[in-house]
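Here is what TrEMBL says about this protein:
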TRANSMEM  36-59  transmembrane segment
DOMAIN    37-459  domain 'Ammonium transporter AmtB-like'
TRANSMEM  71-91  transmembrane segment
TRANSMEM  121-140  transmembrane segment
TRANSMEM  147-168  transmembrane segment
TRANSMEM  188-210  transmembrane segment
TRANSMEM  231-248  transmembrane segment
TRANSMEM  328-347  transmembrane segment
TRANSMEM  359-378  transmembrane segment
TRANSMEM  407-432  transmembrane segment
Amino acid sequence: MSCSIDLAPLLGNSTDAADYICNKFTDSDFAINNTYLLFSAYLVFIMQCGFAMLCAGAVRKKNAVNIMLTNVMDAAAGAISYYLFGFAFAFGQPSNKFIGKHFFALKDIPSETAAFDYSNFLYQWAFAIAAAGITSGSIAERTRFTAYLVYSFFLTGFVYPVLSHWYWSPDGWANPSRSDSLLFSSGVIDFAGSGVVHMVGGIAGFWGALIEGPRIGRFGGGTDRPRGHNTALLVLGTFVLWFGWYGFNPGSFLIINKAYGASGSFYGQWSAIGRTAVTTTLAGSAAGLTTLVAKKLLTGAWGLADVCNGVLGGFAAITSGCSVVEPWAAIICGIISALVLIGFNMLSEKFEFDDPLEAAQLHGGCGAWGILFTSLFAKKEFVNEVFGARSGGRPYGLFMGGGGKLFAAHIVAILVNIGWVSATMAPLFLLLKHLNLLRVSQDDEAKGMDKTHHEGGAYHDESDGETHVELTVSNRTATVAPQV
């Protein structure tokens with residue numbers, strides 16, 4: 001209506017022409033924003049490939065097929081469960097403050113009232129399966145495949161959606177965009193999911209790994225301690241995840257075509273999206289460099305795998321506040337996240353907690369730090385731009401002069417996240433263990449999951465796991481066994 005009123009005088013007071021042009025502008029706006037969201041969804045989905053490569057490189061060769069299949073099933077089982085229940089529990093409107101109750105099996109989608117289209121489902125599904133992919137790394141190399149299917153379906157269909165409803169649904173009790181937020185008049189700023197995604201996956205993985213127990217030979221000082229078999233896959237997975245994070249964090253704005261202030265301004269949501277990509281990059285980079293130096297001081301070696309996990313820990317931490325902090329603050333976030341990860345890894349060694357991918361420490365620990373970090377460094381200007389200004393002002397970062405309300409809300413969020421995931425996932429893993437559906441036999445574990453539970457190894461070995469190739473050099477034939 002405003003567009004037509006402004007435009008009609010320029011068209012000789014032709015309201016029909018003004019309405020036509022304004023409707024075309026509206027169509028273009030929807031098309032631009034939906035295209036942006038779909039592209040972001042594709043980026044987040046490609047992170048499943050990153051998880052698969054990272055996990056495959058971090059486990060022993062005899063379990064590579066098993067862990068990659070779990071990542072495929074996270075996407076497939078997660079798609080069905082999120083379609084049937086998950087999206088409705090997370091975003092079904094109208095609803096109450098704790099759980100959604102509409103849009104089951106995408107009924108009534110697209111919804112003009114809720115402003116949801118199919119692109120919203122696809123984007124949120126990609127997030128849900130990321131949480132399940134995190135958990136699969138914690139329980140790798142000793143878990144029955146049935147258990148993977150059960151927990152993945154349950155996590156993406158119920159546990160994750162309910163918690164994401166609290167923070168991201170317009171009706172959620174902790175959503176910072178609510179005008180009547182019940183949590184310290186603040187709500188929780190978890191913009192892209194340090195808590196909603198990473199803490200959920202990490203805490204679920206913690207309980208799974210704790211209840212299963214460590215892998216055979218992981219502790220005790222033996223020479224056959226489990227080690228990852230392929231650093232190339234590890235690095236490839238890290239870079240694919242890095243690439244996908246540019247859909248994860250900047251994409252969480254959901255729309256790009258929005259001006260901050262008067263129309264025609266150079267500065268708008270597109271600027272905030274660019275800033276979010278920068279803070280994401282700086283946090284991961286700072287974490288990687290800090291890990292490199294810290295591990296050199298601790299072990300005397302430049303550790304490649306440690307640096308890869310350090311980078312990912314920085315990304316997991318900045319995900320909460322990526323849109324509301326300055327770039328310099330993102331560097332602080334990354335530095336401390338690296339120290340958090342190293343500290344949790346030391347504790348896991350001390351208490352003989354076995355997580356092959358360090359997923360519980362990385363996503364759970366660094367995710368919790370990210371929630372805390374946002375409550376300290378969120379900038380007033382950015383908070384008002386992203387979540388909307390309020391009469392009387394809204395809380396922002398404690399260290400930025402915003403008082404302690406946001407900090408208090410985020411402490412509550414960390415405790416609630418731990419409590420919810422523990423109350424739902426720990427009983428599930430205990431039940432699976434009681435039914436003998438959780439862990440494979442010691443004999444199967446020793447032989448490898450690929451040989452005992454699948455169709456064979458990832459590299460199709462015939463005998464000793466090495467492919468022999470004949471080379472003819474200077475009229476002499478030599479048999480070489482390249483390392484895999």
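Every residue gets a Cβ built from N, Cα and C, even glycine.
Automatic prediction, not curation, is the source of TrEMBL annotations.
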Spatial neighbours of the transmembrane segment (71-91) far in sequence, C-beta under 8 Å, 6+ residues away:
45, 48, 51-52, 55, 99-106, 114, 116, 120-121, 124-125, 128-129, 132-133, 136, 148-149, 152-154, 156-158, 160-162, 164-165, 168-169
At a threshold of under 8 Å on Cβ distances, which of 36-59, 147-168, 188-210, 231-248, 328-347 pairs most often with the transmembrane segment (121-140)?
188-210
Does the chain bring the transmembrane segment (231-248) near the transmembrane segment (359-378), so that three or more CB pairs sit under 8 Å (pairs 6 or more apart in sequence)?
no
Positions on the same chain near the transmembrane segment (359-378), where near means CB under 8 A and six or more residues out:
134-135, 137-138, 188-191, 194-195, 197-199, 201-203, 205-206, 209, 309, 312-314, 316-321, 324-326, 329, 332-333, 336-337, 340-341, 343-345, 348, 353, 396-400, 402, 406-407, 409-411, 413-414, 417
Going through 36-59, 147-168, 328-347 one by one, which has the most CB pairs that fall under 8 Å from the transmembrane segment (188-210)?
147-168
